[in-house]
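Asks: Got a structure here, written out as structure tokens. Questions coming.
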Amino acid sequence: MAGDTHCPAEPLAREGTLWEALRALLPHSKEDLKLDLGEKVERSVVTLLQRATELFYEGRRDECLQSSEVILDYSWEKLNTGTWQDVDKDWRRVYAIGCLLKALCLCQAPEDANTVAAALRVCDMGLLMGAAILGDILLKVAAILQTHLPGKRPARGSLPEQPCTKKARADHGLIPDVKLEKTVPRLHRPSLQHFREQFLVPGRPVILKGVADHWPCMQKWSLEYIQEIAGCRTVPVEVGSRYTDEEWSQTLMTVNEFISKYIVNEPRDVGYLAQHQLFDQIPELKQDISIPDYCSLGDGEEEEITINAWFGPQGTISPLHQDPQQNFLVQVMGRKYIRLYSPQESGALYPHDTHLLHNTSQVDVENPDLEKFPKFAKAPFLSCILSPGEILFIPVKYWHYVRALDLSFSVSFWWS
């Protein structure tokens, strides 16, 4: 049984009045709250937003809450029509405004921590599905809400040892003997110039040691710590062995629910918090990591670096694929087995024909169908077992396959 994975119904943690802290983030009057929406948003929706804002500033909480629900329902339909890339950003702003108003209404007279947790979930939905509004106000609201929640309790059940000692799934349970394979070289804190000349420019993978092992996350992060900092936050979770499988899907749940369902208890399915910009959503976690100095060798600005979290149980798999940017993969918890193939070997890796999966191989790396994919057997590769504190440099377009050998948390930095 999963146990209590939600934030408990306890008295609020008092650090000043919650409503006072939230109200201080808002413009003084409704006239100062600029919406600035484009022509694609119907006039009737703009009018509804203006009316909801007026209701909020007039203190008519119940009516404002009702209006915000209408805004959210209508804009949700717009967000889920067609492909995500084609959704107009103004509709994402409308959704974010609806989330802001609803969260604020919920917090005007909170009764217990469950009410604040519900408001926090609304904020997270705005952060995940909406667009930035009013100087990233949803981030600020979420941060305040977290300070007014009581300490998070870990999900009930036996927390696995770290690294995870549960039996691995039968299909991918073996730890490969990388001594039999050509391994990725390891270097201890190479100079920027040496890294640039020997690895960045020629596009050669390398594992960097002594660069990240002093980061706070290496000592602080555990299941309990992650639950304490992020337990009540809503995140996207991939369900299924790998994203190329037909039964693969995505869902939204809190971090507590994810840990309880896919890590603490014996799961029927594989769950993976993968490729999520968790550190933008929860800046407190971002304080525990650093951007590697080697990223300064790129052409882009620091704010253009994409930082993703990869958190899941033993057995999670990222199929063989390539990315359009340079990648530093930092291992924080657990170990991962990784295979790397040069872009020059693309013809032997049989990429999918579809536009959506053109950067992903059809080959199951550790159980290949060599009758269907005969060239794969002769494709040379590098491999490694990446351990906590190590950083793997994956050059742009380099094919890579990743399998978690333990309960694992990785951080990737995509840069140009």
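Cβ coordinates come from backbone N, Cα and C, glycine included.
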Asks: Where Swiss-Prot shows Glu238, Ser318 binding protein, which of Gln198, Gln275, Gln277 is named for the same site?
Replies: Gln275
Asks: Of the residues His214, His276, His400, only one is listed by Swiss-Prot in the Fe cation site with His321, Asp323. Which is it?
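Replies: Checking His214, His276, His400 against Swiss-Prot: the Fe cation site match is His400.
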Asks: Output the one of Gln275, Ser318 that, of all these binding-site residues, has the highest number of other Cβ atoms within 10 Å of its Cβ.
Replies: Ser318
Asks: Please report the number of other Cβ atoms within 10 Å of the Cβ of Lys336 (2-oxoglutarate binding site).
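Replies: Total other Cβ atoms inside 10 Å, all chains included: 22.
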Asks: Considering Cα atoms only, can you say which of Glu238, Gln275, Ser318 is the nearest neighbour of Asn327 (2-oxoglutarate binding site) among these binding-site residues?
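Replies: Comparing Cα positions, the candidate nearest Asn327 (2-oxoglutarate binding site) turns out to be Gln275.
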Asks: Cα of Gln275 (protein binding site) to Cα of Trp414 (2-oxoglutarate binding site): how many Å, rounded?
Replies: 11
Asks: What is the separation, in Å, between the Cα atoms of Asp323 (Fe cation binding site) and Lys336 (2-oxoglutarate binding site)?
Replies: 18
